[in-house]
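Step one of this worksheet: look at the structure below.
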Amino acid sequence: MRLLYVAPDGRPTLTKDLTTPPGPYAILSHTWAADDEEITFDDIEKNTGQNKAGYTKLRFCVNQAKIDSLQYCWIDTCCINKANLSELDEAIRSMYHWYHNAARCYVYLSDVLFHNNGDTNSKNREWESAFRTSRWFRRGWTLQELLAPRSVHFFSREGQKLGTKTSFEQGIHEITQIPVAALRGTPLSDFSAEDRLLWATNRETKKVEDKAYCLLGIFNISMSLRYGEGEGALKRLKTKICKQEDKGISLRPERFHRLVTKPHLRILRALRTSNYVGALEEIPLPAPCTLKWFYQHEAFVKWSENPNGGWLWYTADPGIGKSVLCRQIVHKYQDVPNLLVTYFFFLETDPLQSTIECALQALIHQLLIARPDLLKFVANYRDQHGNAVLREFSSLRYILGECLAHLHGAKVLCVFDALEQCSNLYLSRFMDCMTSLLSICNKTGQILRFFICCRPYQDYIPTISSRSGLQASYWIQAKENIDHISWDIEAYIDQHLRSMADCLRLSKDDVTLVSANFRARRHRIFLCVALALRKLIESPPLVVAGHLAAFNEIPDDLEEYYARALNRCPRGKVAKWVFAAIIFAREPLSIAEAALFHESRPLHGPLNSEFEAKLADRIRHECGLLVDVVVGGRVHLIHNSLQSFLLRPKRVVDHLKGRSSKECLRWRHCVIEKQAEAMLTTACIDSGRSEQWALFRSYATKHQASHVLAVLRCAKEHCRNTEVTKMIGLGLDIKQLDDRGKSLLHHALDERVPSVNTNLVLLLLRHGGLVQSADSDGMTCLHYAAFRNNTRLIRILLDAGFAIDAEVDRENINAAKYNPPVMGQGRRGLTPLHAAVHFCCQAATQALLDAGADPLARDAFGNSPLHLAVSQTLPGRHINDTWSNFMHMPEEIWGDPDDEAEVERVLEAARNMRQSVLECLCEVLKTSNNVRDDEGRTALHLVPYGRDDLVTETVSYLLGKGHERLAQDVRGVSPVHLAAEAGDVSSMKILVTQAGDLAQGDAKGRIALHFAAQANHLPTVKFILQSSERLAIENSADNMGMNALHHALGGARFAEIGVVRMLIAAGVDATRKDSAGRDPLCVYLTGPLLMPGEPDIIQALIRAGGDVRYISQSSDNLAHLFVSSWTEFELDGLLRLERAGVDVRACNAKDQTILHRAAVCGSLNTTLLSHCLECLHMDVELQDQSGKRPFDLVNEGAVKKYPPNMFMPDRWKHSAAAFERYKKGMGETCQCKSILEERHGLP
């Protein structure tokens, strides 16, 4: 493999033909122009071809690689010596792997022009139509160039980045019909050979043979190249595929269907709170032949062989290569069968990525990507408990534990890097969580292993040891393996010196000499060596003596290296501002944004890849090569330890001792938070009024308020007023809203430190910062104060003129799953009092009521604060809308859910909070307690019956305050009905004071027994029957003539045999027919919710007098109805119908047998087919009135396109497969073998 790099004289140069790449490389994917317009191998060797059209692509690739800190790149037009046939042959057969191993793949779309002034987010993106019709999607070779690389970036002809494979995955799927799972990196062996061949259909290649050769990597097949054989190449490929299948290589495996719906995608997006993939891709892989000592270490061997999993800890100082080792571990094990590998990198500079919640979200996200079948469980749990469960620690821990428990034998490896950067508040919780997860896996037979890298800090190692001490825990310490690490570093330097010999103009003897000189010193800091090598590459060529001197200057101390690099910065003050901007920016800065702090004049020139490459070079050299440009052209410090060094000025000065006073003064104050925040604040303000800072406008829109408040927090109390005045003088609009609709006042009220909040609020109000509008979370400033339960802030805002009953809108995410007051598509008219009540804030509720807040204030659906108060269980836990982002009870209060005493304490706190709020409202309302919403519901209607143990106390309290037990809403539904439907026996005992209460019907004539039967809740049914014994209500029917049995068997929940038997024993008439002429047996068989246990229910109904002679309006008998169920067919149920006298061989009016009906509904399986052919001797070739056989009907259903939300859309395919399975598996012993083999219509 030959790679392209830029020589010191600026000339594109090729390496020798290498076995192993010398380092990470970029790779170009494009469509070829005319052969004479592409840059060739000879053009590079002779330094010609600059006037060819293809030279533009070469310059683009080189510049973009430089932006991404990649020294090498590969382009198919010029990196293969096509005159050497053996090299060409090897290149074609290796190309898939070259693309797969590339750090970046750049897709250059020469037929896509960018027309909208660099705004990739514009709604009018003219390039999109050209993108969808680009030639690139129709070429044969580009199929593997799309699927093989892990990281694919798309660019227009001008070099403007359009997006990535990840961001365009849905569009690419629509263009190519390649499944999203394949685009996400699912092993191609998970897809059948037919599918993979289908992806290549209609793709074009210049040579006929290349239609086969471009698929070699897709099928992992090696075969010789024979240009000139034409279509024979494709035949040879298919023969190879068949031979692989004969050898048992899985080309048609039991495919793992990734049925990811739009709601599932929303879950995945909600969990993707950190860029763990990008962080991992930025880390280089180790040099070949290194780290062997690690895998042979006794601790690693014991850990990897331990059948119960466990912990492996690797501790090392900064710069030793911990992150490289983590990348190697992930890379080594990610393709191991039946092993799921997850990765997370803690980052203390990111408030989110230093938390345990973010780590758990990343782990769950990676497990769901690998095993989408788990998404259904997560979606159900989210639907039951609200969106907040995807953010709360206790819920995330539960979800992760359940996901691990349902992996069914798969092993899991969790890799955590930089644990020392996990916030101290979360470290003990992290250890507790992981320890409990390991215990869960040990109980369920799963194997869970943790690999954790951290610095050897003594303050938290005892904590780690004590918490993981009961489980297998192994340690590898770098300080005890210094000799091995030094050897790895020597191997690393040898490899890079040899690969860069041409670039550094070193002969073979020179390389040996420099390498030997290096070996004489025992370097221990890998990062120092790597940075020194980079400096050599980017510096002018030196003589051998110069290289020797450069290596001799490499210090063994990382901080000493930083100090020397800082000393080399040509403009220390400028570099310091760049460092400050990078460290204190709220998100990684782009090259152009970082350059604003580096340049003293406006940036001139188009922001294309070539100009950004020049800017990146300038920034790197001005900052002593201590900054780097990574994924997406974002600027970062070269290592996290540099940030710690720069933020401790004394350490910097100590390392500069002995230097000139001028040098020391230049770095004495290094990076100070107050100065950095002030600088960034000024930049944000200037971006709105200065053309020089216009490029900073997008950043300022999101983060200006955060920097302004940071400046005020850093200032002393008596200086804050001056700071605000100064910023207003610079042009600060104190009422300006950010991209989330928040003003400075919103942000100040949303801060977590009450003492600072009050002072900042007063300061902002004095300067006219009062803003009445709501932000994107549906919160005004007064709503925030109510949410914080801060009575002083409430009084301050009201005194400033804030409207006490200000109404806001609140959007629902999934309202259909929850009871009012979160019904409908949105919530409008919610006042601060609603907010205080929603979060169970008693002090805020009382303060607002005392100040004159309207206790009868209604939202758009007529819900008062009282309605909202009683709809809670624990504060905010069951309300599924944007207000769920705010939890009045901090996460810490929930404690350990496995500790019963702790749980009881939490429940007691929740009970007291809700009770106090209810008392406040009821005391004010007094005679207005029975206030109703727009649907006629009182507070008793909105109690979450059956949700938790606190409900009965709420019901008792409301009844004591005069609420009506039997109040009916506009549908005639009473609290008694709702409690029966929820199966809340305890509440029913309080609500029902006399038997007559149970006879009350709603507008549809349904009584409490009907609600309880429909819910199939046995204890509730039993209570109602016992309480109403004298009333004889068991045979009461609703307006549709349906009794309790009808409701139990035709409801929205699965029927329970216990409920059915109890109702029959109580005398409920099983022969009664509803207004449609159906008895309970018929209702049950025509419902969609049959379960495997239904034969017992069928038998019970038949014995109770069910009509087995029933014929539907479409002339189907009970056997036809039974096999038409959408669920799995059970033979026992059909046999019981047959024994009761149902004619199972009968045809309906359309001449359809039960085989036809099962085929139409997709419920046909091998069991039914075998019974019908072997026992009932039915003719599989029998045609109905339309001339169709059962198999014809199955085939029609199998090829139809169904909406993704349809119940079991694949059931017709399963029915079609039943014929084939019966023929292959059961045909040898069945009486109908000859029939199945002779019928031409069957597969």
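Cβ atoms are placed via backbone N, Cα and C, with glycine included.
In the predicted structure, the domain 'Heterokaryon incompatibility' (25-111) carries a mean pLDDT of 90. The domain 'Heterokaryon incompatibility' annotation in TrEMBL covers 25-111.
Per TrEMBL, the feature domain 'Nephrocystin 3-like N-terminal' maps to 290-455.
Across the repeat 'ANK' (777-809), DSSP helix (H, G, I), strand (E, B) and coil residues number 16 helix, 2 strand, 15 coil. Annotation source TrEMBL lists repeat 'ANK' at 777-809 (among others).
What TrEMBL records for 828-860 (among others) is repeat 'ANK'.
Residues annotated as repeat 'ANK' in TrEMBL: 971-1003 (among others). DSSP places the residues of the repeat 'ANK' (971-1003) in helix, strand and coil in these numbers: 20 helix, 0 strand, 13 coil.
Sequence annotations record features per position, and here TrEMBL assigns repeat 'ANK' to 1004-1036 (among others). Nonlocal intrachain contacts for the repeat 'ANK' (1004-1036), taken as residues 6+ away from its ends with a CB within less than 8 angstroms of a stretch CB, comprise 971-972, 976-978, 980-985, 988-989, 992, 995-998, 1042-1045, 1047-1048, 1051-1056, 1058-1059, 1062-1063, 1066-1069, 1072.
Residues annotated as repeat 'ANK' in TrEMBL: 1040-1075 (among others).
Sorting the repeat 'ANK' (828-860) by DSSP state (H, G, I as helix; E, B as strand; all else coil) yields 16 helix, 3 strand, 14 coil.
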